[in-house]
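> My questions will all concern the structure given below.
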């Protein structure tokens, strides 16, 4: 991380996801001109610059709802006293999931992705953005009554009942596994034609005691789960953690959210541990599990817990936005889904460049142009698109873009090619043997015919 300044740590927008539209901060002036409800919370300095009081919950709520409308065409209401989502972080999380899903073994890219959002919140922001921006279908759970009603209303307001289904948790101790089990029936109804008597997206979900057994016998696979868990174990822990952040300035914005949204027994470690333990029971039903992590110090402990269920692959990433950092954890039991291939921009910036030394014996002329011609030949063989932006006697710079991982399994491909060549050679030899044998038979017939002509009866 960069060095600290007087006003706290520097902005991390440079490490934001490359496709995140908020890498360029929104224009408050434009927003104030378009939305009176946002303008009511703005002040203006002598230069005419618009300023917003980030310590005001109502101002933060107006900022989020106006940005959702301006940038995504989403009409969202957030009740007082409930968590106000920050959009840059939410988009970083969704874009990361999108990157991870490009590694999926599915070949049908037109198939609608189906995700599960555990604890969707009053704004229902993850499902709404997922459906609007990425075209995914979302199945969601919510335990809090006020947040549940608000989330349902936000889905209705945007006419997304067919893309998003929200289930109210009946029991306080209902686990993540039980939530996903209950949602499976709804997913099946989304793929079937609705009865003309039932409004679209209104199918009832009956929770039976044998849901878990039914799920285990099913071959359906969800694409992913996502979760923004409560970070703290108690209200006292919130204040203790804020005081322990030495060398940092005061938070830029005021914390929002009800106690049940940010506090859970045992904190995020306990919550995520439960998800990890239950994920092993769903390893054939859910392709990928993901969660946010709010405290860097918790990552080591959570990774130790994850190792106990022996996932095929896992990955930890960083979400950078403004002056806030969060972390994402993904794991899968599918060996084909190599999650560690996707890195955040900050991780890539800290990754040492790959160095390949070409021996002199490989090149007729040991020079930069000769080495580049060899590399370009390899890239062409791998069907990688190359665009050279600088080419001199001592330096070659190029942008390369791969549409498919054609470099994977090269040994297996070479063995397969050798096997085919051997089969082809073997068939050619057999064909030659047949031709030679046929020629010999033909000569024998001619010889017999000549003898018959010379020695007629």
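The backbone N, Cα and C atoms fix where each Cβ goes, and this holds for glycine too.
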> Among 73, 81, 119, which is the one TrEMBL gives for the S-adenosyl-L-methionine site where 90, 142, 228 also bind?
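Candidate in the recorded S-adenosyl-L-methionine site: 119.
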> From the ranges 392-413, 414-435, pick the one that TrEMBL records as region 'Disordered'.
414-435
> TrEMBL lists region 'Disordered' for one of the ranges 184-210, 238-264, 265-291; which is that range?
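TrEMBL lists region 'Disordered' for residues 184-210.
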> Does anything in the same chain, at least 6 positions from residue 90 (S-adenosyl-L-methionine binding site), have a Cβ under 8 Å from its Cβ, and if so what?
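Set apart from residue 90 (S-adenosyl-L-methionine binding site) by at least 6 residues yet with Cβ under 8 Å, we have 125, 126, 129.
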> Please state how far apart, in Å and to a whole number, the two most distant Cα atoms are among 90, 119, 142, 228, the recorded S-adenosyl-L-methionine-binding residues.
17
> Determine, from DSSP, whether residue 228 (S-adenosyl-L-methionine binding site) sits in helix, strand or coil.
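DSSP assigns residue 228 (S-adenosyl-L-methionine binding site) to coil.
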> Go ahead and report the DSSP secondary structure tallies for the compositional bias 'Basic and acidic residues' (415-429): helix first, then strand, then coil.
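Final tally across the stretch: 15 helix, 0 strand, 0 coil.
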> Specify the secondary structure state of residue 90 (S-adenosyl-L-methionine binding site) as given by DSSP, simplified to three classes.
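Residue 90 (S-adenosyl-L-methionine binding site) sits in a helix per DSSP.
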> List every residue in the same chain as residue 119 (S-adenosyl-L-methionine binding site), at least 6 positions away in sequence, whose Cβ is under 8 Å from its Cβ.
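Within the chain, residue 119 (S-adenosyl-L-methionine binding site) has Cβ neighbours under 8 Å at 141, 142, 143, 227, 228, 229.
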